[in-house]
Amino acid sequence: NCTQAIEFGLAGFTKDPATQITLFLLFLLTYLVTILGNLGMIALIRASPLLHSPMYYFLSNLAFVNLCTSTIITPRMLLGILLGKNGMSYAGCMAQVFTIGLFLITECFLLATMAYDRYVAVCHPLLYPLVMSPERCSRLVAGSYLLGLANGVGQTLGMSSLSFCSSSTINLFFCDISLLISLSTSDTTLSLIILRTASCLLGVPTILVVLVSYVAIILTILSISPAQGKHKAFSTCASHLTTVSAFYGALIFMYLVPRSDSSRGVDKWAAVLYTVVTPMLNPLIYSLRNQDVKEAWKRLRKI
């Protein structure tokens with residue numbers, strides 16, 4: 001006796017009113033910083049000729065993707081905490097699965113592209129204008145969005161074939177494909193194949209590109225830079241790798257690591273890391289530790 005679900009329940013974080021108020025204020029502040037940081041980064045890159053280079057072209061697209069990812073999830077989460085409405089329609093859930101699948105994979109490829117860009121700039125500076133030409137940069141960004149779109153469509157099609165009972169409740173604050181598959185009352189083989197294949201073919205290669213690029217950058221810095229330059233370069237690389245590691249680590253935990261029911265509570269905080277925290281940190285890390293961005297901001301303030 002199973003009636004097809006027309007709405008899903010979202011478990012959220014807690015039922016305690018005091019904790020809910022604290023979480024609401026914390027996530028609201030985080031979202032405001034995310035919006036201002038990413039919009040400010042996009043506007044500054046567009047307005048300043050000093051930042052019209054491949055690195056900042058990729059960074060502006062990363063800021064746009066971070067903005068979209070956070071906006072898809074955080075306002076709905078804040079509304080649920082504020083009004084206590086934790087339900088989401090089936091159509092709304094499908095829309096979230098599609099958009100999250102699109103932007104997460106797009107971000108993975110943008111991060112890999114940015115790491116490769118830095119590798120060419122540091123390790124092969126003479127070839128940089130040829131390798132990272134405007135046409136190639138446009139193709140890399142377009143390819144990132146197209147692969148993200150393919151992932152979003154694939155995940156949505158896989159979910160559309162699943163059946164859910166009317167009492168389905170997702171133990172998270174948004175519609176996550178991996179938890180939806182575990183809740184389904186029908187055969188989930190196809191959906192699991194699509195999810196694992198997309199994770200392995202689209203996610204894992206981008207992680208390897210980031211790792212290999214930064215290892216090559218670090219080895220090059222060690223071999224050619226003076227002591228002061230090494231400290232500065234390592235400091236910048238460390239800050240970039242921290243946010244990238246947090247993003248990829250949370251994704252690996254959610255989609256590639258098998259978990260027992262007792263560890264499901266950790267899912268919420270892993271999801272917070274890649275949907276709420278890293279979209280806020282990225283513009284801060286790439287701007288506050290970047291001399292070109294600081295200089296561009298000073299010039300605009302003088303105009």
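Quick reminder: no glycine exception, Cβ is built from N, Cα and C everywhere.
Feature annotations, reproduced from TrEMBL:
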- 37-286: domain 'G-protein coupled receptors family 1 profile' (DOMAIN)
- 21-44: transmembrane segment (TRANSMEM)
- 56-83: transmembrane segment (TRANSMEM)
- 89-112: transmembrane segment (TRANSMEM)
- 193-222: transmembrane segment (TRANSMEM)
- 234-257: transmembrane segment (TRANSMEM)
- 269-288: transmembrane segment (TRANSMEM)
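Mean pLDDT for the domain 'G-protein coupled receptors family 1 profile' (37-286) in the predicted structure: 86. Non-local neighbours of the transmembrane segment (56-83) in the same chain are 10, 12-13, 20, 23-24, 27-28, 30-31, 34-35, 37-39, 41-42, 45-46, 96, 99-100, 103-104, 106-107, 110-111, 113-114, 117, 137, 140-141, 144, 173-174, 275-276, 278-280, 282-283, 286, 292; each lies 6+ residues outside the stretch with a CB under 8 Å from one of its CB atoms.
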